[in-house]
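Novice: Got a structure for you, written out below as structure tokens; questions coming shortly.
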């Protein structure tokens with residue numbers, strides 16, 4: 001009998017635990033159905049908020065003062081602020097914006113009885129910037145020359161937006177022409193009456209700052225310079241040409257590196273092409289030693305053959321000794337001449353093509369080039385035979 005109430009308590013506790021488990025299971029199922037079920041999503045609730053700042057209120061007295069100040073001062077918000085006294089300039093400006101929009105709206109479509117007729121003041125002109133960006137000028141030719149400050153001369157650094165080429169050109173102008181100034185303010189000393197002994201066109205010429213004034217300086221210097229002699233190098237020959245008089249003619253100071261000799265009757269394979277001197281002309285005419293075609297050489301030599309034969313007997317002392325076979329001795333040449341022009345004898349003509357041979361061609365060179373040279377010589381020899 002004593003064990004019966006204990007068992008009853010145990011059974012009651014077990015039943016209560018089962019009921020709790022069932023309730024929690026049912027709640028979990030319902031939560032899953034709400035969260036993961038079909039397309040039925042719970043709407044998000046916005047967080048509640050409260051407006052703490054209240055909108056400023058304008059009384060009738062303040063509005064009347066505002067309208068009076070608006071008629072007196074226009075859009076001068078600081079003066080309107082002083083006139084109203086109870087509102088700041090920012091509040092007055094926002095109130096004026098709303099008031100102007102209301103006046104414009106009622107003037108166009110609504111009744112004008114609610115709002116007093118008032119003339120809206122025009123907007124104030126925009127302020128010019130205190131430190132504007134440097135602007136590009138339209139015409140560079142209209143600009144006057146820039147004045148050089150004494151501090152800039154000491155430091156040699158331009159203070160304005162100009163290229164270093166322009167500043168260097170200004171310095172060169174100042175150094176080249178001490179008696180002339182670019183502008184009346186260009187020198188640090190007080191302006192003095194300076195006169196130059198230049199020509200009339202130079203006095204009328206106005207110096208303006210250009211992008212590249214170095215070309216102008218070069219033109220001025222070249223016009224002032226005296227005529228000078230120029231040396232031209234043509235095919236290994238140096239020729240002196242003077243600017244005065246005939247620019248194309250050669251002066252008596254022209255010289256050639258090859259010796260000057262009259263043309264003998266016969267030329268060997270080792271004889272160089274000489275230079276002919278004509279007694280009627282005062283100047284020397286140098287033949288440019290360039291390879292010519294065979295036909296041109298033949299035509300020239302046939303025309304001058306008779307004159308050469310007549311001169312050959314009288315000029316024997318100047319040339320080398322002639323052998324019985326008709327060959328002349330080899331004349332001495334300068335050591336600076338590494339290359340020489342040679343005549344290759346042929347059967348049909350007195351002269352053939354000019355060959356240029358190098359003194360070091362026997363010791364230097366690559367094998368295939370030598371073979372090619374031999375092949376070309378054989379082909380040309382066959383051509384001479386056919387001619």
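A Cβ is built for glycine as well, from the same backbone N, Cα and C atoms used for every other residue.
Remember, predicted model here, so these are calculated numbers, not experimental data.
Found this in Swiss-Prot, in case it helps:
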- 1-44: region 'Disordered' (REGION)
- 50-104: domain 'HTH myb-type' (DOMAIN)
- 77-100: DNA-binding region (DNA_BIND)
- 105-200: region 'Disordered' (REGION)
- 124-134: compositional bias 'Basic residues' (COMPBIAS)
- 172-200: compositional bias 'Low complexity' (COMPBIAS)
- 306-334: region 'Disordered' (REGION)
- 312-323: compositional bias 'Low complexity' (COMPBIAS)
- 324-333: compositional bias 'Basic and acidic residues' (COMPBIAS)
- 350-387: region 'Disordered' (REGION)
Novice: For the domain 'HTH myb-type' (50-104), what is the mean per-residue pLDDT, to the nearest integer?
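Specialist: Averaging the confidence scores along the domain 'HTH myb-type' (50-104) gives 89.
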Novice: Within the domain 'HTH myb-type' (50-104), count helix residues (DSSP H, G, I), strand residues (E, B) and coil residues, in that order.
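Specialist: Across the domain 'HTH myb-type' (50-104), DSSP assigns the residues as follows: 38 helix, 0 strand, 17 coil.
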Novice: Please work out the helix, strand and coil residue numbers for the compositional bias 'Basic residues' (124-134) from the DSSP assignment.
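Specialist: For that range the per-state counts are 0 helix, 0 strand, 11 coil.
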